[in-house]
Structure formats: structure tokens, C-alpha cells
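K.L.:
Have a look at the structure that comes next, please.
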Amino acid sequence: MGVVKGLLALALVLNVVVVSNGGKSSNFVRKTNKNRDMPLDSDVFRVPPGYNAPQQVHITQGDLVGRAMIISWVTMDEPGSSAVRYWSEKNGRKRIAKGKMSTYRFFNYSSGFIHHTTIRKLKYNTKYYYEVGLRNTTRRFSFITPPQTGLDVPYTFGLIGDLGQSFDSNTTLSHYELSPKKGQTVLFVGDLSYADRYPNHDNVRWDTWGRFTERSVAYQPWIWTAGNHEIEFAPEINETEPFKPFSYRYHVPYEASQSTSPFWYSIKRASAHIIVLSSYSAYGRGTPQYTWLKKELRKVKRSETPWLIVLMHSPLYNSYNHHFMEGEAMRTKFEAWFVKYKVDVVFAGHVHAYERSERVSNIAYKITNGLCTPVKDQSAPVYITIGDAGNYGVIDSNMIQPQPEYSAFREASFGHGMFDIKNRTHAHFSWNRNQDGVAVEADSVWFFNRHWYPVDDST
């Protein structure tokens with residue numbers, strides 16, 4: 001009872017100090033870079049020294065609840081070993097996990113040897129070290145497992161989308177790394193390398209992107225969402241397997257949530273239940289994704305994971321002209337479920353800019369009533385578009401005018417977000433513009449949990 005009173009007291013205090021920029025289109029003018037893509041000889045693309053040294057090391061959650069980690073890397077000269085040696089900071093006894101190796105071809109490109117190994121039965125809230133490679137080219141990294149799932153478990157997620165490998169991309173990643181909020185896991189909302197923008201989908205750019213992001217993703221998990229630039233369906237060069245490079249390189253624990261595809265799945269982490277959806281896989285009635293999501297939402301236990309977060313690539317609400325209403329078909333299928341199950345927030349990318357919505361829904365339409373305008377709905381999620389991480393150096397600045405009522409704040413700049421869960425009732429979201437100091441919040445808002453504290457948090 002004392003804990004509940006304390007939470008309510010905190011809720012009352014935070015209710016008074018909500019800070020945000022509601023109903024605003026920012027007039028901030030960003031500086032432009034003359035050169036957009038970082039050249040292949042950039043230091044961030046540097047190949048680690050040594051024969052067959054592991055590179056492009058990255059990790060992601062390897063099970064449903066955070067007690068496993070998928071370790072992935074590439075060796076270029078020969079297969080080497082897919083074994084991972086790991087140990088906890090508290091106990092130096094090394095264990096070994098064995099994985100699998102694969103390769104692929106794409107047009108005239110042959111991949112290196114891609115390794116995926118899952119380490120299991122990890123302890124919660126523990127620092128682990130791990131090593132990959134053999135003999136003189138062994139490389140060592142570390143990560144911290146999440147706390148056990150629970151009602152009032154604090155945890156901080158970073159939000160990055162449409163990263164690419166431009167100079168702006170590098171600024172975004174540096175800002176995230178230097179943030180005083182210290183994100184613990186990245187929720188990545190799609191469009192990774194943009195290799196498909198280069199001649200013949202030059203897959204060398206998958207390798208450079210893997211080396212570029214290693215400085216973060218080798219040390220904390222990134223939760224992957226597939227975007228349109230991962231599709232790489234290119235019949236003109238006889239490449240007709242959708243998502244081929246992405247699927248070989250980036251594994252996710254989709255089977256742990258009874259999904260039949262790596263493009264939609266869920267995980268639990270700390271106090272959040274995170275659902276990843278695919279904007280570019282079938283989602284109509286009766287499709288595998290539709291059927292899975294219907295069952296998945298029923299399984300969410302807000303008494304265990306109070307925060308319900310959805311990730312997708314194409315936004316359902318967007319007031320920029322670019323990609324305007326592209327998410328409409330998915331919205332008509334899933335929005336009513338988001339309202340019914342009181343999803344707290346939906347993060348998307350695709351649009352190369354930032355936008356935060358009010359809590360709105362557009363689910364009242366019937367052919368007899370003509371109601372087709374979004375209305376305020378405190379059971380609905382906030383929709384945040386954060387596809388502004390840098391891509392290939394192009395920002396989407398052409399906005400729908402006048403600003404729709406559902407749009408609370410929007411700005412055509414590059415940046416990243418932070419979703420900082422405090423307890424079962426409150427979380428703080430901030431968006432950080434690249435051209436500000438790392439501690440400056442260009443937009444911020446307190447979230448009140450839709451299940452535990454469903455008061456009006458409009459801005």
C-alpha cells in the first residue's frame with residue numbers, strides 16, 4: 001500500500017511539471033553537409049587488424065525475457081570458429097557457446113563468413129564479457145543483461161531509425177553514445193545500411209555499416225525492425241529473394257514469441273513488452289502476421305510488463321508530404337487493436353524527419369456515418385516518427401499545411417530519441433537534435449501509462 005501511495009504522489013507531482021511543445025511545427029533550420037555519404041576510407045569503416053579478425057560484431061536479445069543474447073560477427077579470410085567464450089564480471093569462469101556460419105551471394109558480391117551464436121541462461125542485471133575469433137585475432141567485448149521483468153523496473157531505451165552511413169549518421173550515433181541518459185538498448189525502427197542505393201545494391205556497404213555501428217551494437221543490444229531499404233528485391237539483376245542480405249546478417253529471436261517469421265516478433269525487457277511489426281510483409285486478415293499479432297496482444301501481462309511498445313517502419317500517422325498516408329492500410333487493420341489493448345507508444349521511421357502525435361484514433365468510421373477524422377482518444381497510443389538518424393544525408397522538410405490537429409510537434413532535423421521508463425506509471429521521452437549539445441532536449445514529454453495511470457497526457 002505504501003508503494004502505491006508513493007507512486008500516486010509521484011504521479012501528482014509529475015502531472016504538474018509536464019514539459020513539451022504541443023501543436024508546434026519547429027522553424028529550426030539545420031545546416032547541410034556538402035558531402036553526404038562517408039567515403040569508404042573513413043576511419044569509422046576501418047577493418048580491425050589481424051588475419052581473419054572478427055568484424056561487424058553485433059548483439060541482440062536472444063530469447064523472450066532477456067536471459068539470452070545472439071552474438072553475430074563476420075570473418076573475411078576464412079570461416080574460422082563460430083564459438084563464443086563468455087564469462088560474468090562476478091565469476092571469471094569461461095563458458096563456450098557454439099553457433100553456425102553461413103554465406104550468401106548477391107549479384108557479383110560474395111559475403112564474408114557470417115557467424116551467429118546464442119548464449120543462454122544468463123543472469124539478470126549482470127555484466128558479461130565475451131570473445132570471438134581465434135588466437136592472435138581474438139576480440140573482446142562486453143554487455144549488461146537487463147533486470148528481471150517487473151512492474152516498477154526502470155530502464156532506458158534509445159530510439160534510432162533510418163541510420164545509413166552519412167556524415168549525419170555518424171553525428172547521430174555519437175550523440176546517442178554521449179547522451180547523459182545512457183541508453184541501455186536501442187529500439188531500431190528500420191532502414192539500416194541503405195546498400196540498395198548504391199549501384200547494383202553494392203553489398204560492400206553492408207560491411208561498412210556493420211563496422212560503423214559496431215562501436216555501439218557490440219556492447220548493447222539493438223532490437224531490429226526491417227524497413228523498405230532492407231527488401232532489396234531487384235529482378236533487374238536477378239535478385240528476387242526479399243530481405244536477403246538483412247536476413248543473413250541480422251538474426252532475431254522470433255520463435256521465442258511463437259512467430260513464424262523474423263520480421264514480426266516480440267520481446268520482454270525490464271518493464272516493457274515490445275512488439276515488432278513488418279510494414280512490408282502481408283498483414284491482411286488471416287495472414288500469419290495478422291493472426292500472430294491478434295494472439296500476441298492478448299498475451300500481454302501489464303502486471304509484469306506495464307509498458308506496451310510497438311515498433312514498425314512506415315508510420316500510421318504522418319503529416320509530412322513524403323510518404324504521406326503510406327501506412328493507411330496497416331492502420332485500418334491494427335489501430336483498433338492498439339486502442340483496445342492500450343498500447344502506450346508506437347515508434348516508426350521511414351520519414352526522414354521527427355514528429356510526435358497526440359493520443360488520437362480514427363476507428364469510428366462506418367459506411368453509414370462518414371466519421372473519418374482522427375479524434376483525441378486517451379486509450380490510443382502516441383505515434384512517434386523518428387526516421388531522422390541521417391540516412392544518406394537527406395531530410396524530409398515538406399510538411400502538410402496547416403498542421404493537422406493530431407500532430408503535437410514536428411521538425412525536419414536529424415536526431416535520436418530516448419524513452420526513459422521510471423516505474424509502472426511514468427516514462428519520459430525526449431528527442432535530441434544533432435546540432436544541439438548532447439544534453440539538450442529539443443522536444444520532451446512525460447508519458448502516463450495507459451493501463452496503470454490512464455490520465456490525460458495531451459500536450
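Note: Cβ is positioned from N, Cα and C throughout, glycine not excepted.
Remember, predicted model here, so these are calculated numbers, not experimental data.
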K.L.:
So Swiss-Prot lists Asp191, Asn228, His350 for Zn(2+); which of His251, His313, His322 goes with them?
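P.N.:
So, going by the record in Swiss-Prot, that would be His313.
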K.L.:
According to Swiss-Prot, Asp162, Asp191, Tyr194 bind Fe cation; which of His352, His416, His426 is also listed for that site?
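P.N.:
The one candidate that Swiss-Prot places in that Fe cation site: His352.
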K.L.:
By Cβ count within 10 Å, point out the most packed of the recorded positions listed: Asn108, Asn136, Asn228, Asn238, Asn423.
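P.N.:
Highest number of other Cβ atoms within 10 Å: Asn423.
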K.L.:
Here are the recorded positions: Asn170, Asp191, His313, His350. Which has the lowest count of other Cβ atoms within 10 Å?
P.N.:
Asn170
K.L.:
Between the Cα atoms of Asn108 (N-linked glycosylation site) and Asp191 (Zn(2+) binding site), what distance do you get, rounded to the nearest Å?
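P.N.:
Here the two Cα atoms lie 22 Å apart.
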K.L.:
Calculate the distance in Å between the alpha carbons (Cα) of Asp191 (Zn(2+) binding site) and His323 (active site, proton donor), and round it to a whole number.
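P.N.:
Given the Cα positions, Asp191 (Zn(2+) binding site) is 14 Å from His323 (active site, proton donor).
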K.L.:
Whole-number Å only: compute the distance from the Cα of Asn170 (N-linked glycosylation site) to the Cα of His323 (active site, proton donor).
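P.N.:
Spelling it out, the Cα of Asn170 (N-linked glycosylation site) and the Cα of His323 (active site, proton donor) are 25 Å apart.
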K.L.:
If you measure Asn228 (Zn(2+) binding site) to His323 (active site, proton donor) at Cα, how many Å is it?
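P.N.:
Here the two Cα atoms are 12 Å apart.
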K.L.:
Which recorded positions are spatial neighbours of Asn238 (N-linked glycosylation site) here, meaning Cα within 10 Å, out of Asn136, His313, His323, His350?
P.N.:
none
